[in-house]
Amino acid sequence: MKRKEKKKRRRSGFLVQLAVGAVIGTALGFTGVYRFFHSAGEGESLLTVFLLLFAAIFLTVQLHELGHLLAGTLTGWRLFSFRVGPLSWNNENGRMKFTWIPNRGYSGLCAMVPPENASAAVSVLYYSGGILVNFLTAAAVYPFLSAGVSGGPGTFLTDLFLMGLLAGGINLFPFYSGNNPTDGMILWSFLFHKSSARRIMEYNRAASQLASGVRPKNLVLGEGLAEPGAAGGQILFFRYLKALDEGDTESARQFAREMEMSIEKLPAPSLPGVYYELCYMRCLAGDPDGAKRFREACRKTLDRDMDANGLRVKAAYAFYAEGDREKALELCGRALSVVPRFPLKGQGILERELVNRLLEEMKRTRNDGNTD
């Protein structure tokens, strides 16, 4: 029965995505053709038409994410990551750092951590912020179009108006794109009190507790909520951290295996962090080949990661997989120096302990004469 239900859900999801894709393609195609002939009559080149359309799309995505940022800021959420296309600003050691990260399955991202005990209404406002700004943008542009603005400005405003309506409308549809739920998927789950809404609230509570300084081992995570998917996958990740903090290596390995088995169902933005920990657990298990496989899966992200968790994973890899004690010691020192600035203060406490465990292991093996 469960398999049939899953197949039915996948089929329904595929049909929704196909329908939405058809709407997007038709709308963009119509817009492009219409603007081309209309603008050509006004003396605009084909290149100008497409550049203005591209600018309107880029601005629409940016405004959508700014809508989430504005709604979150007004209700006490803390910014951790902001992306538009490949342009990314991430919180690294307490500071926002610009990086270039190719997106997979999503055009933009605004990742924020809610205040403690944030209500469902506050969450709904945050998740609807992007849609509201898209529709408000279209409403703000319309008077200028009615006034008959022409030429390049008219072309751009028309594109911005249409893209605002299109982005707002599409994001109201409940579907997944690259395992990333649309805002509509999240909003409808709250409206109809679905289990996915409970998972989102559970994730938000855990994230806000970690941000306020609660250690992973002190998190209270509901049973039966860590299903594969967006928020469910994050809850599974928190359970993994909780097991690590409790010193329960066997449970941590089990949660790591579950994350690995459901990796194709996880949202793209969460994959680097999952790959980090899969690499780390393979290091602890004495599996250098497995560690290398997951290291390669997140190499670009991990190489430039200077937060405590990234440095801890690189230190473990240097010691266990590469046999480079000096490099591992240097990375451990750097990790400990930035722990106080780790964005999630509660996880930062765990990071310090994990690094100290690694240092103890290096000291023990040196005393035992097991390594050079």
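Each residue, glycine too, has its Cβ placed from N, Cα and C.
What TrEMBL says about this protein:
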type	residues	note
TRANSMEM	45-63	transmembrane segment
DOMAIN	54-145	domain 'Peptidase M50'
TRANSMEM	124-144	transmembrane segment
TRANSMEM	156-176	transmembrane segment
Open item on the list: Based on DSSP, tally up the residues of the domain 'Peptidase M50' (54-145) by helix, strand and coil.
Closed with: 47 helix, 25 strand, 20 coil
Open item on the list: Return the average pLDDT for the domain 'Peptidase M50' (54-145) as a whole number.
Closed with: 89
